[in-house]
Amino acid sequence: MTTQAPPTSLLPLSPEQLARLQAAVGEFSPTQMAWLSGYFWGMVNQQPGAVASPAVAAPPPVTVTLISASQTGNARRLAEQLRDDLLAAQLSVNLVNAGDYKFKQIAQERLLVVVASTQGEGEPAEEAVALHKFLFSKKAPKLSETAFAVFGLGDTSYEHFCQAGKDFDSKLAELGAQRLLDRVDADVEYQVQAQQWRQQVVATLQAKVPAQSTAPTQFIAPTQFIAPTQSTTPAAAAITSGGTTTVSPYSKTAPLTAQLSVQQKVTGRNSEKDVRHIEIDLGDSGLRYQPGDALGVWFDNDPALVEELLALLWLKGDEPVSIDGQNMPLAQALLSHLELTQNTTLIVDKYAALSRDETLIALLADKPALQLYAKNTPFVDMVRQAPSDLNADQLVGLLRPLTPRLYSIASSQAETENEVHITVGVVRYDIDGRARSGGASGYLADRLEVDGDIRVFIEHNDNFRLPANPETPVIMIGPGTGIAPFRAFMQQREVDGASGKNWLFFGNPHFTEDFLYQVEWQRYVKEGVLTRIDLAWSRDQAHKIYVQDKLREQGAELWNWIQQGAHIYVCGDANRMAKDVEQVLLDVVALHGAMDAEQADEYLSELRQARRYQRDVY
């Protein structure tokens, strides 16, 4: 149930034995698993010839259930670190992905720890949506026997900071569960907070269950070992063509230095959008990925932006500063280590205090206006509008660490081999007549030369996977750059010779300017690989048409596909498109399935739990 699979060579079981064991215990509750561990321990330690004497059975060890609700991998990595801490403290722990958690068993939990990230406008991570819905439904049980702790991960640049963590924390308490620790709300730079919290959790749980923490041996429940399968691959692992798992040396903190091989604009010259097709050569690195995964891209800020900021603050750039204990010139820190293109309300608040600018100070009292200002005004433009004389250390203290951007992978390695493709919408806008661009998208489109080095890593996404059965129909809904993973899906389905039907819904402003990968889709249709394609061009007529309108228009046939077992995939904008699409799906289910709104919502939740409704939204 964890996403951390140990090397097969370390296990005393063959893969076949491990698979049989997992099949046998797959439906066991944490309490049953704990009892089983004691049962096996007794079998191993029974002395030959000893006569069993009647005795009162020792109470089963209390298992800590650790739920990871991750969107971009941070919550998962933190949960894995905490699991390792708890095991080192000789506590019984069961780490489970929120999407795999059988939440109807939650009333049986005694010790529950949740690590939850937030996406979009306060939404839970995609894998945690079903659990979130259940807890906020009438079916949620009382949890008076449960003690819990919550760590929330978020981003202060968003209005609903750490909202998912807040939701889980408040709802668990409302259902009668007792807090082990106060909830933590962590920003992008969460590592120090997380380390302190992990130590507190271990100490608190050791005090709660002292008998286990002093046990002479460490037992690891079988549910913590998952055989390598397509849906349970650890973040640093990949599946080879032979089905075995290899551990990659590359990660977010240790990226691969690859080379840019292709950078091509795929929108027309008159398009309002600038979309680039990017191909990156992985060389002989052995870096592996699957359709549905994301590519993490580290980037440098625009040198011109760095120079502009230094000039505004009357700084030279050679001032010594420290970043994570590493000494370097200020200019280098601004170029490669600090975020310059994304502002936050917290940064505005701090800068207002330092600059004593009356306009900014007044803005702090108007929360909606403050949020809008932070969203639309990069740091350098805030400094231009409200000049100050920050020194180098004050500047570094204000800015957040630079973080990589994630892009849905637009290729299948079964076809492209040692390449990875992404589809990048370049962010461009003007502030006071000055052209600005996104940090990573501007780097990829404007500054990175072909054959230039680029640091990348794979962010595995086991919540966005093609069905295991190649005969299963697939419905893909991806307007704009949301089409990227479906290009990977179609490449994979074609290479596999999958016989299942494929249906694509795609939309963009104009047919002539914005039909991304048009020739490829036309070929798939001509060769029968793509069964159906429905296109929505929002600006080609007076009345705007979006993919959700096409879904509603095809409601009867959509329901037929769902009844045939189709898997539904949605990729793209989380705040508007994904919500509108979900509402249409609910309407289609209600109308053609003869259900009321509550039944339709439950039906869609069941599809989500069965991995038949998956979303990659941002």
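Sequential numbering from 1, following the chain as shown.
Here the Cβ of each residue, glycine as well, is placed from N, Cα and C on the backbone.
Predicted, not measured: the structure shown is a model, and the values here were computed from it.
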| said: Of the residues D514, D573, D580, only one is listed by Swiss-Prot in the NADP(+) site with S538, R539, K544, I545, Y546, V547, Q548. Which is it? | reply: D580
| CB neighbours of D155 (FMN binding site) within 10 A? | 18
| query | Looking at the binding-site residues G73, T341, G425, G438, Y618, whose Cα is closest in space to that of D580 (NADP(+) binding site)? | reply | Y618
| field | Distance, G425 (FAD binding site) to S538 (NADP(+) binding site) (CA atoms, angstrom) | value | 18
| Nearest-integer angstrom distance between the alpha carbons (Cα) of D155 (FMN binding site) and Y546 (NADP(+) binding site) | 30
| note | In the three-state DSSP scheme, Y158 (FMN binding site) belongs to coil
| said: Between the Cα atoms of G73 (FMN binding site) and R405 (FAD binding site), what distance do you get, rounded to the nearest Å? | reply: 12
| remark: Out of the binding-site residues A440, I545, V547, the residue with the smallest number of other Cβ atoms within 10 Å is I545
| message | Can you tell me the CA-to-CA distance separating Y546 (NADP(+) binding site) and Y618 (FAD binding site), as a whole number of Å? | response | 18
